[in-house]
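Enquirer: One structure, pasted below without further comment.
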Amino acid sequence: MKGILGLSLLPLLTAASPVFVDSIHNEAAPILSATNAKEVPDSYIVVFKKHVTSELASAHHSWVQDIHDSQSERTELKKRSLFGLGDEVYLGLKNTFDIAGSLIGYSGHFHEDVIEQVRRHPDVDYIERDSEVHTMEGATEKNAPWGLARISHRDSLTFGNFNKYLYASEGGEGVDAYTIDTGINVDHVDFEGRATWGKTIPTNDEDLDGNGHGTHCSGTMAGKKYGVAKKANLYAVKVLRSSGSGTMSDVVSGVEYAVQAHIKKAKDAKNGKVKGFKGSVANMSLGGGKSKTLEDAVNAGVEAGLHFAVAAGNDNADACNYSPAAAEKAITVGASTLADERAYFSNYGECTDIFAPGLNILSTWIGSNYATNIISGTSMASPHIAGLLAYFVSLQPSSDSAFAVEELTPAKLKKDIIAIATEGALTDIPSNTPNVSHAAVGIYKRNELTQKFSSLPGTVVVPRTTPTSLAAVATRSPLPRTASRTVLRVSFTRPKSCSPRSLVPSTARSRMPSSHRSELVLSRRRSEDLVFF
């Protein structure tokens, strides 16, 4: 099997082991290596088999640490490191992880003698050599922002609309958005106090974004001025250092943190401890070589209910050769340009689900609470889609609402976002790559919407006209603030006991273009309970 190293059987050190020698399998677990990434010397990720419980895992953790501590070679091990991340990576067991019970394991820095024993333990499924991951931004260039405008228009941008983003002002409300990256400048004014520091994974690192990459992605996802879902709550999960690099094992731990936080929030909402919670999304604009562990972690997170967007990568190569881009259940995002081309650096291939703006993207930055920067990469494309995930999740009734509908699962929303995206708009798309782009915010033809979403309770349907933007269709609040925009005529599926009534007072109608006044007929139960796609 490619990537598996054949190692000879070494003497077992069992003094500290809670298992007997004869309980060790003769067949060793494989050691996987990424062929396209820089490995972290003597650092490993160990994944348990499915039968392993938290109790068994805890006993194993103690066992492996005792074995490591008994090795006289650990002093020499510290001298051999080439990675330069500090002494914490030489202390044996580093991180443990349990992602919704679907992926349990640990990471650490071990001598090969220890790893040889670990791989023959009956509870171990596979071991992966830890490797470097990094951010995915490209060159910095000056240009006008355009990404938000592009995702809210079906057709190519023109001089009249290249800087106009049409959206629901409450998009993202009730949604937690996790930025698994270099951190977030949580005090930036564009976040309006909605950004919180979640967790710093790299040991002995500080709780701040010393790079800017994570802050930029967060601004695109949920900033007031630069963001798609302008009311989402942001959480910083720092897995990369200020250099923009880190380890695969730390990224896995970051995924675990986001998944656990989501599960807890959802449980609290179900028990009435939290009001108005709609769901959680995560963005990972980072990548490295092929990693089964990271892909398994992301897929487990999606299964646990966390909506995931990941960057396809900037290698102008097949995204299936990189992780987390190859994670099957996440939405993998390539980068497009203002001219509706595949960005020259963007990865492609069957693992790329959709393209979004990724060239010359203006967003929030570090250095001050007002700083901005323009950078490029699939790193910039992915948070556009993560923002859309938050946007659409927020437009569902919360689980504590009297009008709650069936849960919008990550699998369903991924399918729906791809289904309503623009097909065939981009050039320079390889034949094995889906030509799907932008996932425009609320741009639907009547037959698209009724065919794709008619089965969902409470779905908005469009009885006539093909709009060029979401405009007020996705606005769940009373419409005076949006009355000057183009508004669709829509209807809403509601209980028989609820009577529809107009959302728009006559004063709002009078401010609308005459060509649209006759089309403005919206039904509602309560504004916070309308469901839109």
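Cβ coordinates are placed from backbone N, Cα and C, and glycine is handled just like the others.
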Enquirer: To which residue among Asn283, Asn321 does Swiss-Prot attach the annotation N-linked glycosylation site?
Expert: Asn283
Enquirer: Mind telling me which of the glycosylation sites Asn283, Asn435 has the densest Cβ neighbourhood, counting other Cβ atoms within 10 Å?
Expert: Asn283
Enquirer: Look up Asn435 (N-linked glycosylation site) in the DSSP assignment and report helix, strand or coil.
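Expert: Looking at the DSSP assignment, Asn435 (N-linked glycosylation site) belongs to neither helix nor strand, so coil.
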Enquirer: Where does Cys351 (disulfide bond) sit by DSSP, helix, strand or coil?
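Expert: DSSP call for Cys351 (disulfide bond): coil, neither helix nor strand.
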Enquirer: So which one is it: of the disulfide-bonded residues Cys320, Cys351, which has the fewest other Cβ atoms within 10 Å?
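Expert: Cys320, out of the disulfide-bonded residues Cys320, Cys351, has the fewest neighbouring Cβ atoms within 10 Å.
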